[in-house]
Amino acid sequence: MEIDFVIEKFILVIALFAISLLIAMYSTYAERKVAAFLQDRLGPDRAGPFGILQPLADGVKMFMKEEIIPANANKWLFMVGPGLAMLCACIGTAVIPWGQDMMVGDRLVKLQVTDINVGLLYIFGVISLGVYGVMIGGWASNNKYSLLSAIRAASQNISYEIAMGLSIIALLLVTNSLSLREIVSQQHGFNWNVWYQPLGFLIFMVCAFAETNRAPFDLPECEAELNGGYHMEYSSMKLGFYLFAEYINMFVSSTVMAALYFGGYNYPGMDYMAGLLGPTWAPLFGTAIFFLKIFAFIFFFMWVRWTIPRFRYDQLMSLGWKGLIPLAIANIVITGIVIALTNNF
Amino acid sequence: MESLSNKKKVLVSKPLNFAERMYLPAIASGLTTTIGHFFKKPATVKYPEQEREFSINWRGMHSLKRDEQGRERCTACGLCALSCPAEAITMIAAERKNDEKHLYREEKYASVYEINMLRCIFCGLCEEACPKEAIYLDGPIVPADYLRKDFIYGKDKLVEAPLESVLEVK
Amino acid sequence: MGTSVFYFVATLSVIFALMVVFAKNPIHSVLYLILTFFTFTIHYVLLNAQFLAVVNFIVYMGAIMVLFLFVLMLLNLNKDNEPNKSALLKVVGIIAGGCLVVTLIGSLKSVAIANPLVLKNPNLGLVENLGKELFGPFMLPFELSSLLLLSAMVGAVLLTKKEEKANG
């Protein structure tokens, strides 16, 4: 391993980490602003111009709060829970190809931490692991509401993982690869996967809402029934970790949706732009486009949250098992038939 | 039984039809509603900088009035304190000296007049009880503060500014 | 470097596996089992079997162990309500454990230190090759096992249906 390779990856990892945290920070601000605008209000506007320093103020508040560990809680697991939630949220971005290969000087830099050939399954696994943070935290709190919430989270995540996996299988039939790098580079220009897999995208998106515990599927933290859910006993930065992990998860799932179905860094007219900007700036421009798509998805997450009321638990389960899973299977069958027909005739 | 008002509405819960069971049309219409509000002017104001006009019957902070010659009207009769349901008002009466005739209208006046703004419920009964038209709840919102003792407003905060000073400012 | 990583991870898996058995709290036991599975995932990665690693990760760690945890959290397992084991059960336990030890010793005796296994095709564990193997020479067993799973699913559905009839 050459030293410059290590340095390059190191910089990339640090940058990714910083970007995810920054986006998560400002997602909290954006969430409050979007909620305010959708409800004809102004939102936070006191800290700095337009309230731009609000996340910092929130962070300081979180750090300054008293740290409370309930007397009968399992102390060790109580501390592991939020850490695990944060870890699973942060490692998902490692396999995302953020841009085309970039020329820096005379060096070809890959804007991807690692390209493992099961990248898609890796993300899927990390997402499925995220539920442990919630479950362990909820159980270790030694509180019945937290426990109920943890159990809700577990059953919800497992149910929607199935439909999500099935919708990914249909996508795999189209792309023929599990490597995210290849999936994204196949969608050159405007040849995005969403044109081939509209139903698959819809299923994937609904499941992403459920996996990130976002409204209308935020039953694990349903404050009307569970007094705040799995993080009820948490205070200070441990609570902050849970809330932060939710926003990072939202960022990661927006990224995955943008990469899998909306072309990632590809955009119409990219060849023209590549000629115009040269091999250093064109990939960066593509990355900027990628982030625009991600922000659009994050906005959509928020828009939905402030529009749709929460599902009831039986509605959630019947939607998952009786609605999405059969649809996803039908989607696989139809995709398979169409591919077989187009290949043979 | 027959409804007399004719406003009775019988609700029937039908099973959802296919479009309703898909949720998507309803979700789409909900999303268009909310995005419409995204571009609307906010209904709120930036409070400390911007203030909304108070209504005519608004009851805010109390002020102790002066008469047309700039003398305090209050005679410390204590009716306001008696009428106060929240026990927020207290006062100490004093006799007017001869050289204070330009300061107080009546022979008796309130040397100390205190309202505890944390107790006050802004019902306006003191205003109604006052026989001398000395107290009115015509001020702005009582501002926030850090200490409980700072909410006990004395005469320094309650009595209207003297006439001359108002004229001077104008 | 590969072998030292292997020995490190292997030690970890043995330790975690022992912890599964010795942990007093069943929840801790399941959590140690999850860690054990995680070390197995690392083993698969070391063997360049990426697909198997990720599937182990998703299916065992992400789904099955979540269900284990789910069930154990619902059961209120305390030390107080643990049933007292009778002497007969202890004897049976000792005999069964002894049998296991004898089997293990017997199988260990015939073990020789083999040369490190070198695959003819080191990329066999990658998705494409694995898929070709599964749907080529191993087509029949693969499909049969899927039938087995299907019958299990049908059985599970039937079980719930029967209960419904008995109740109503």
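Just so you know, glycine gets a Cβ as well, placed from its N, Cα and C.
Residues or ranges marked as transmembrane segment by TrEMBL: A:6-26 (among others).
Proximity of distant same-chain residues to the transmembrane segment (A:76-99), defined by a Cβ-Cβ separation under 8 Å and at least 6 residues beyond the stretch ends, is recorded for 13, 16-17, 20, 69-70, 110-116, 119, 122-123, 126-127, 129-130, 132-134, 136-141, 180-181, 184-185, 231, 233-234, 238-239, 241-242, 244-246, 248-249, 252, 255-256, 259, 264-265, 283-284, 286-287, 290. Per TrEMBL, transmembrane segment is recorded for A:76-99 (among others).
If you look up TrEMBL, you'll see A:119-141 (among others) marked as transmembrane segment. Long-range contacts of the transmembrane segment (A:119-141) within its own chain (CB-CB distance under 8 A, at least 6 residues past either end) are made by residues 70, 73-78, 80-89, 91-92, 94-95, 147, 149-151, 153-154, 157-158, 161, 164-165, 168, 172, 178-181, 183, 211, 213, 220, 229-234, 242, 245, 249, 252-253, 256, 260.
Only residues 6 or more beyond the boundaries of the transmembrane segment (A:162-180), in the same chain, are considered here, and those with a CB under 8 A from a CB of the stretch are 95-97, 115-121, 123-124, 127, 186, 193, 196-197, 200-201, 203-204, 206-208, 211, 259-261, 320, 324-325, 327-329, 331-332, 335-336, 339. According to TrEMBL, the transmembrane segment annotation covers A:162-180 (among others).
Residues or ranges marked as transmembrane segment in TrEMBL: A:239-262 (among others). For the transmembrane segment (A:239-262), the list of distant contacts is 20-21, 23-25, 27-28, 31, 59, 62-63, 81-83, 85-86, 88-90, 92-93, 96-97, 120, 123, 127, 130, 133-134, 137, 168, 171, 180, 183-184, 192-194, 197, 200-201, 204-205, 208, 211-214, 230-231, 290, 293-295, 297-298, 301: same-chain residues at least six beyond its ends, Cβ to Cβ under 8 Å.
The transmembrane segment annotation in TrEMBL covers A:282-304 (among others). With a threshold of 8 Å between CB atoms, the same-chain residues lying at least 6 positions outside the transmembrane segment (A:282-304) that come near it are 23, 27, 30-31, 34-35, 38, 98-102, 111, 209, 212, 214-216, 250-251, 253-255, 257-259, 262-267, 270, 273-274, 276.
Residues annotated as transmembrane segment in TrEMBL: A:324-342 (among others).
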Under 8 Å between C-beta atoms and at least six residues away from its ends: which parts of the chain pack against the transmembrane segment (A:324-342)? 160, 162-163, 166-167, 169-170, 173-174, 197, 199-200, 203, 206-207
